[in-house]
Each structure stands twice: as structure tokens, then as C-alpha cells.
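Database features (TrEMBL):
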type     : residues : note
TRANSMEM : 13-32    : transmembrane segment
DOMAIN   : 126-247  : domain 'AB hydrolase-1'
REGION   : 335-376  : region 'Disordered'
COMPBIAS : 360-376  : compositional bias 'Basic and acidic residues'
Amino acid sequence: MITTSTALTVAKYLFGASVAATTLAAGGLWFFQRHLIYPGYVPDGSRKFVPRPIELGMPYEDITLTTRDKVKIKAYVIPSRKDPVLTDQLRHLNKKQREELGEKETEKWLGEMGDEKAVEYAKSRPTVVFFHANAGNMGHRVPLARKFNVDCRCNVFMLSYRGYGLSEGRASEHGIRIDIETAMDYIKSHPILGDTKVVLYGQSLGGASCLYAGSRYRDMVSGIILENTFLSLPSLIPLVLPQLPKFLLPILLTEHWDAHHTMPLIPSTTPMLMIAGKNDDLVKPPQMIALRHLRAGAGGQLKWKELDGGHNDTCLQPEYWGIIGEWMKDEIENNPLNLAHSEKKEKEEEEESESSSNDDYQKVTKEEVLEAKKEL
């Protein structure tokens, strides 16, 4: 028979074990959160080997950008061409034959860049800015870029954030925001891409990046595509680490990517497409549904689609590219109200009316902090 003293002793040990587990989880989150949130080292070799567009028949520019905090980040620019290499031309080629084809296509493309008609064609097509998900690098998404470039006839800009691929530095929310700004400024000044309609595309972390870019470059963005994106890291992490007490998150978490701060700054008239995998077991469906409600609550334009996919294979579902292609034609290419110029005017009017700070992202954050304090 267990005595009262023994029961109390066991209870103390269990309580101690519980506290220890919580402490370890909390400590792990504090010290290793960026390592866990931004696994640029996964899969093996991701920091050394970055697949190139030419391996799939797409000539490209290999770009190195220097951010304002002196970090060198890598990017690809894949221009739209009238006569790209079609999938059927690649399907039965081995690696060596693809390399030979790539060399020939690069030579053709260099000649095309001196042809005014080829340049004007590229300028007439939308540009998709591709922000990738948490793991891997931009090269791992080249097959998806090919769908945009060849099937949708778009220019494509791809970026490896700091700490990913061959880019320097270590990833953080603050640092990736700087990378995004550097990329968007480059696109704006590019002799071809700067004259095109810009569409942001992102999966998971890439979707959060899209929302930030869309909130900062409202006059430049013509549309946004989000796939399996989270509402915020504070709302997502308790689902991934349920053993961590929620009250510790505001103390420990340095990475937020909170759509409550970015979504309201995106013009309601900017077309947005959300694609959610119903079987996503990482960013669970309620996260995307919450994003949907956040956008709808602000009266924003939105097209919503759910597919039978998980976190990493939604883009492989048969309907996926048909949905994107139809949306691109309806909302970007054939939309007479596409907002590049009107949003620029709106931005100028907003800047004239602002009396203190023109940093809307920080302004909204401060307002929400003050509002939260009132409720306490």
C-alpha cells in the first residue's frame, strides 16, 4: 500500500519532471528557434548545391544582391520567351543531353536580348516573384518556376533568403524582411521586370514573405498567391510544440511573421488567390482559414481553393496549375482595373497625409500594442 509520504514524493518528482520538460522546451525554443524555423540546411547539401534553371531548359541571369546590412544574397531572373523549351522536348533527354540543350538555349537567349521584339515581349508578360518555403533553397523550386515561365508565360524572379542556398548570413525575420526589400527594389529598377505586372507567389514561409512584400510595396504589386501559409508563428507553434505553455511565447519567441500586421496594409483591390491543402498536417487548415477570414474581414479581393494535398504536395494536385493559370488570366492579364498606377497614387496621397512616420508596418504594430495594453 502506498503511503501518503510516498505519494507526495512521487508527485514532487512528476512535477519536477514536468517543469524540467517545460524548461527544456522553453530553452530550446529560445536558443534554437531560428535554427528550427529556418532549416536552410535541409535537405543535406542545400547550402552547397543549388539547381539552376538552365538544367530544365530555361536561360537565366544569376544575380548577387547586396542588402543594406551588407549581406550578399543570390537570385535568379528567368525571362519570358516567345519560344521556350517545351516539356515534351525535355521529357526523354538524359542529363548530358539536357546540358547540351541548355547551352544552345543560352546562346539563343543572349541573341534574343539584343532583339527589341523579344524584350518587348518579356515586358508584356507578368513577373512572378517566387518566395520559397522554410526548407531547401530557390533551386529546389525550379520545376515550379518552369510552370510559371513556360506554361503561364511569365518572367520569374527567385530568391534564396540569407542563410539559404549560396546566400550569406543567418536567417531571421528581420533579416529576411531586408532581403525581401532588396529584391523588390531590384525588380523595380530592372530594365525589363520594372515595366511588368508583379505577382507575388509563396508557400508556407514564402506566403508570409509575400504578405510582407505586399504590405510594403503596395504600388508595385498586382496580385498575390498564397499556398499553405500560416496566420502567425505565435498561433502555429503551440500546434507544433503543445508541451510549451502559451504564456511563455510572448517572452521567448523572437520570430512572429504575423499576418495581422501585414494583411490590413495590402489594398483591398489587390487580387489574391489562396490555395489550401486539406491534408496539411504541418500548417493545419485552420491557419489558412484564419488568413481567409482576415482578408475577407477587410473587404479584400480573394479567390479561395481547397485541394486534396498535404503541406508539400498541394502543388502536385491535378487541378493546381489550372487554378493558377485561370486566376492569372482573369485577375492579372485581363483585369482592366489592375492597380499598379492607381496604387502608386494612393501611396503618394497616404504619404502626404502622414504627419509622423511613413513606416506603416511599425505604425500598425504600435497601435496594436497600445490597444492590447488597454485591454489588460
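The backbone N, Cα and C atoms fix where each Cβ goes, and this holds for glycine too.
In the predicted model, residues of the domain 'AB hydrolase-1' (126-247) average a pLDDT of 95.
Here the domain 'AB hydrolase-1' (126-247) has, by DSSP, the following mix of helix, strand and coil residues: 56 helix, 24 strand, 42 coil.
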